[in-house]
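These features come from Swiss-Prot:
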BINDING   H9, H11, E104, D215  Zn(2+) 1 binding site
BINDING   E104, H144, H167  Zn(2+) 2 binding site
Amino acid sequence: MGLGLVDCHCHLSASDFDNDLDDVLEKARKANVMALVAVAEHAGEFERIMQLSERYNGFVLPCLGVHPVQELSPEKPRSVTLKDLDVALPIIEKYKDRLLAIGEVGLDFTPRYAGTDEEKEEQRQVLIRQVQLAKRLNVPLNVHSRSAGRPTISLLREQGAEQVLLHAFDGRPSVAMEGVRAGYYFSIPPSIVRSGQKQKLVKQLPLSSICLETDSPALGPEKLTRNEPCNISIAAEFIAQVKGISVEEVREVTTRNAFRLFPKLQSLLQKELQSHPLQAKSAQGSAGESKGLL
């Protein structure tokens, strides 16, 4: 078995995991997951994510950011405001040295969330400020772009963002290729098994631009069923099927891509990398060895 998989985008602070997170993470370890990139959506989650990163040190890796849709109550999701960002920034500054990336950030032009030009423009301003923050901290961006693929990629390029992961991209492959040309990565969730759009996307994306994610508890292989990080192998297997290559190649290359995207991840696991270079055709490590370092 290879060095291990990296779940590049998941929501471990979600209430769905309140009662059994230990079990969920143990299942992930047994599924050869070596690292979980935990993203935030609003300031109210930040402390919880940092606590999880301490409790599962070297396994749960924290990202803090302000999402374009603020679901502070399930009944009233709304478009983000600059005030939301102002609340979040001091907490991000507090933890800046411990962050793997800034995220989840981005644009969401779904009409029910951003029905006016003013709301879309405020989303852009919130994203621009977080791009500037990520550049100052020299960390990547973990990006949401629902119903806003082209505007998101255009803004990121205009702002000079270089380290970017576009998670669960829902746009056309031709638009995604603009991101590929900018050096951006695209993470693919297990829901690819039921998404013709994701399958077309993967068919066109070069493997060198693909990472794996689960977006747990969302975007699982079955609709309306809680997704978990252990399902990441489902995404890897389906990508292999779509591209007509071995699942071993998908696992190896997507993990290597994750290390390129997240430099701090490479630093964290430097000893493992020295023992089992990701560039090698066949990694010699085992799941047990990976766990021992985490």
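Numbers run from 1 along the shown chain.
Cβ from N, Cα, C; glycine included.
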Check H9 (Zn(2+) 1 binding site) against DSSP and tell me helix, strand or coil, would you? strand
Give me the Cα-Cα distance between H11 (Zn(2+) 1 binding site) and H167 (Zn(2+) 2 binding site), rounded to a whole Å. 12
What count of other C-beta atoms do you get within 10 angstroms of the C-beta of H167 (Zn(2+) 2 binding site), across all chains shown? 26
Once the chains shown are all counted, how many other Cβ atoms turn up within 10 Å of the Cβ of E104 (Zn(2+) 1 binding site)? 25
Can you name the residues of this chain that are 6 or more positions from H144 (Zn(2+) 2 binding site) yet have a C-beta less than 8 Å from its C-beta? H67, P68, E104, V105, G106, L107, D108, H167, A168
Mind telling me which of the binding-site residues H9, H11 has the densest Cβ neighbourhood, counting other Cβ atoms within 10 Å? H9
I want the residues beyond H9, H11, E104, D215 whose C-beta is within 8 angstroms of the mean position of the Zn(2+) 1 site's C-beta atoms, in chain order. C10, V39, G103, N142, H144, H167, A168, E213, S216, A218
Other residues near the Zn(2+) 2 site, CB within 8 A of the CB centroid of E104, H144, H167? H9, V39, H67, G103, V105, G106, N142, V143, S145, A168, D215
What count of other C-beta atoms do you get within 10 angstroms of the C-beta of D215 (Zn(2+) 1 binding site), across all chains shown? 23
